[in-house]
Amino acid sequence: MKEEYQYFATLIASVALGWVVARLPLGLPRQWMCSAAGLLLLLFFCGAQTIHTLITIGVNAVMILTLRDCHIWSMMFTFGYLAFFRSVTYFGLEDTNEFCNAVQLILTLKTIGVAFEVHDTQLRSRGLAPFASNSAAFSCMNTYMDVSPSFMDIVHYCLCYIGLMTGPYFKFKTYDDMIHSSTLPIMPRIKMAQQRLAMLPVYLVCFLTMSSIFRQSMLWDDSFYEETSFVYRYFYMVALFVFFRMKFYIAWLMSESACIMAGLGLYPAVSKPKPGYGPTEPEKLAETVDQSTEFSYETIYNIDEYEVEFVPTVRGAMKAWNMTVQYWLAWHVYRRVPLKSIRTAVVMFVSAYWHGLHGGYYISLLTVPLMLAAEDWVPENAPRWGKAVNWFMRMRAFEYMSMGFMCLTYARTMRYWGSIYFIGHIVATVFLVAGKIYRHTTRRRRLQDEVDATARVAARQSQSQTNLPQETTTTIRATQPDKLHAH
């Protein structure tokens, strides 16, 4: 817990430092301040292991500036070095701590991301788009996203103290806009940061309460499985997931606030920025900015806690979690895979690999498709009680899958899941089968109703055609006396 308190103090300092950065002159003063603060953080938390960060940055910077297909080389080297970084003990080197691992995770996204930005800029210069899209924001004509960083620009971008260990992920272009432009005065930034931190006390109380009562290390203690009941073990999972969520809420809210205070990712709302990407209508940035201009921090918006807590579906909750990293995966992996049929599988593998080499990550992420399929039985127009049931089951699904990230290893995760009789897999399978039966029954009933309705329409038409000659005969008979009288 001592390290976590130190880390929380660092997050507070990062928010405060944003006030200083915002008041510095544009260009080099801001750039060097952000990099110096980041380097100090690295040395404090990582010590000699900072060498891994410097190697990753230096090699990537050289490749980006010298190689034609720099994005491919950067991805291969950085993901390869990530594997080496996580297995240094096999080479007789000192093991890395959790803070160094967090830095390397974010650095992986940054270095590969800036390589893709440079590559996409080169494509646009030749009149080509990075990939097919109907959106003007992604076309070859959108030169707003063009970048041409120097060696030191890449170094400064990677060492920037903002989000160094927690994210959010932000592009080089977003960073460059912060360094070289200033549009929003400091007071509105303070107000925006205060609004973003409004729920922080609640999250802190929940985190401290849960962390003092429930310990993650209990999950690999034999007595936990030998001396406790199924009910206790199950609700221990529920409590740990509260602790798990609050830890990320606190870190990401503080990091977003540090971005806001420094002016990173702040754009006029009229440009319609999106998490990770930035302005989707950059042509509107040229409009006059005054005191009445509404600004948005959507570019660095990483977590929507309300959606995570209350949206009824697994898909909805996943979209609201770590949104800037989801952008990175969508932009650099999903959209670049030529075969649509394997895109999702490739993204899941890359995500699991990025998180770590622990088996718990993989079996948890491989459970996601089952949970998604299980919730598909709920129709979009389901009644309120149906959505409430789906929300309840969705929360249980996330608690169940989170155990892979807390137990880490395959053996520990399977042991815990086994101790609660794989209830998550069983319930999801039951929902999946019940949903298929429900849809099949509903489809048959709907088809039968359509057949009955068609038969009723046909019967009415037949009856009307049968009555038509009788009505005609009656009409003729009624007119005959008039004709005789006329003669």
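Backbone N, Cα and C define each Cβ position, glycine as well.
The feature transmembrane segment is assigned by TrEMBL to 7-26 (among others). Within the chain carrying the transmembrane segment (7-26), a Cβ under 8 angstroms from the stretch's Cβ atoms is held by residues 33-34, 37, 41, 45, 99, 161-162, 165-166, 179-182, 186, 189-190, 193, 250-251, 254-255, 257-263, all 6 or more beyond its ends.
According to TrEMBL, the feature transmembrane segment maps to 38-65 (among others).
Packing against the transmembrane segment (72-93) from elsewhere in the chain are residues 52, 55-56, 59-60, 63-64, 101, 104, 108, 111-112, 115-116, 332, 353-354, 356-357: each is 6 or more residues past its ends and has a CB under 8 Å from a CB in it. According to TrEMBL, the feature transmembrane segment maps to 72-93 (among others).
Among the features that TrEMBL reports, transmembrane segment is placed at 154-172 (among others).
The feature transmembrane segment is assigned by TrEMBL to 197-214 (among others). Within its own chain, the transmembrane segment (197-214) is flanked in space by residues 1, 236, 239-240, 242-243, 246-247, 249-250, 253-254, 257, 305, which lie at least six positions past its ends and keep a Cβ under 8 Å from the stretch.
Same-chain residues lying 6 or more positions outside the transmembrane segment (234-254) and placing a CB less than 8 Å from one of its CB atoms are 8, 11-12, 14-15, 166-168, 196-197, 199-200, 203-204, 206-207, 210-211, 213-214, 216, 218-219, 224, 228, 302-303, 305, 308, 322, 398-400, 402-403, 405-406, 416, 420, 423. Feature annotation from TrEMBL assigns transmembrane segment to 234-254 (among others).
Among the features that TrEMBL reports, transmembrane segment is placed at 419-438 (among others). Note on the transmembrane segment (419-438): residues 225, 230, 233-234, 237, 367, 370-371, 373-378, 393, 396-397, 400-401 of its chain, located 6 or more positions outside it, place their CB under 8 angstroms from a CB of the stretch.
Annotation source TrEMBL lists region 'Disordered' at 458-487.
Summarising the annotation, TrEMBL assigns compositional bias 'Polar residues' to 460-478.
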Chain residues outside the transmembrane segment (154-172) and at least six past its termini with a C-beta under 8 angstroms from it:
7, 11, 14, 17-18, 31-32, 34-35, 37-42, 45, 53, 56-58, 60-61, 64-65, 99, 102-103, 106-107, 109-111, 113-114, 117, 147, 179, 251-252, 254-256, 258-259, 262, 264-265, 275-278, 299-302, 322-325, 327-328
